[in-house]
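Positions annotated as domain 'Gcp-like' by TrEMBL: 29-300. The divalent metal cation binding site annotation in TrEMBL covers His109, His113, Tyr130, Asp294. Residues or ranges marked as substrate binding site in TrEMBL: Tyr130, Val131, Ser132, Gly133, Gly134, Asp162, Gly177, Glu181, Asn266.
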Amino acid sequence: MTVVIGFEGSANKIGVGIIRDGEVMSNPRRTYITPPGQGFLPGETAKHHRSVILTVVREALDEAGIKPADIDCVAYTKGPGMGAPLVTVAIVARTLAQLWGKPLLGVNHCIGHIEMGRLITRAQNPTVLYVSGGNTQVIAYSERRYRIFGETIDIAVGNCLDRFARVIKISNDPSPGYNIEQMAKKGTQYIELPYTVKGMDVSFSGILSYIEEAAHKMLGVGQCTPEDLCFSLQETLFAMLVEITERAMAHCGSQEVLIVGGVGCNLRLQEMMGVMCKERGARLFATDESFCIDNGAMIAQAGWEMFRSGQVTDLPDSWITQRYRTDEVEITWRN
């Protein structure tokens, strides 16, 4: 049996997970939460990660019931992500790999999401919609690469939601996107917003600017409620994502969709994607927040696949790459 420990800390989540041949043995994490109206800065996020990471490592080992000697490989998030948090986690992973005498593996964060989704849902060869605070991509596997068919040309969908949450002072606990989802359920009025699909790509910055201005004007005179704005924003953004996912499915002849990333646990997005899949006679695969949101087990699972196919990262090459694209990685573990 192959046991891999994975370290994730590319944004405001710090997680350590342990995988043994497809079994999630442990997956503790912590979240850095800021006051309403504020985002998280790289330096402060890294400071949070430094303060808790060794505690999370101990939790992961204890929950899994194993010792460092039982581990075969140490995997960490190489990128993409925020520089200071990535460096914090990489240093700890490199140090433990040397202390424990284990091989090291730098993992692409996006690949971690995909491989975790495939493991949990058992999807065979899906068209992947990867949606998070830092990334928005439609992906399909072909010839040893995860090919990007479409993506955001400016900000990610999760970033759009988070920044709107700051405008109307929505709480960041447990996450701004989750709280927008709950408020949207109470919205009754749809406010028309810009809808920006450009071929296979999407753009969210113009929608954000428009709804920020609308929020100040319309809320001030009672034309709508914050719940109406949350509902309208979700409906518009998710319709765009469903459209480009369906287009990629048609191009690839795919009959499966897998949603991954933190925004992927939004039930309204899953519902809208499910309607599209049903109309096409396709299947939708998604996971809950324990695996959609950034976690250490997803890095461990991708690391497990990489390690089993013969990959390792030499210590001099174990840097971080903030802009590490999904399609840069050679997929040596799939046919």
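Cβ atoms are placed via backbone N, Cα and C, with glycine included.
Structural mapping of features recorded in TrEMBL.
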{"residue": "His109", "record": "divalent metal cation binding site", "Cβ contacts under 8 Å, 6 or more apart": "Glu8, Ser10, Thr77, Lys78, Gly79, Pro80, Gly81, Asp294, Ile299, Tyr324"}
{"residue": "His113", "record": "divalent metal cation binding site", "Cβ contacts under 8 Å, 6 or more apart": "Tyr130, Ser132, Val260, Gly261, Met298"}
{"residue": "Gly134", "record": "substrate binding site", "Cβ contacts under 8 Å, 6 or more apart": "Ser10, Ala11, Pro80, Gly81, Ala156, Gly158, Asn159"}
{"residue": "Gly177", "record": "substrate binding site", "Cβ contacts under 8 Å, 6 or more apart": "Gly133, Gly158, Leu161, Asp162, Ala165, Gly262, Val263, Asn266"}
Legend entry - Cβ atoms near Asn266 (substrate binding site) (within 10 Å, other residues, all chains): 26
Inset, instruction - Around the Cβ of Asp294 (divalent metal cation binding site), how many other Cβ atoms lie within 10 Å? Please give the count over every shown protein chain. - result: 27
Inset, instruction - Would you mind pulling the longest C-alpha to C-alpha span across Tyr130, Val131, Ser132, Gly133, Gly134, Asp162, Gly177, Glu181, Asn266, which the record has binding substrate, in angstrom? - result: 18
Legend entry - Shell list (divalent metal cation; ref centroid = CB of His109, His113, Tyr130, Asp294; cutoff 8 A): Ser10, Cys110, Gly112, Ile114, Ser132, Asn135, Val260, Gly261, Gly262, Met298
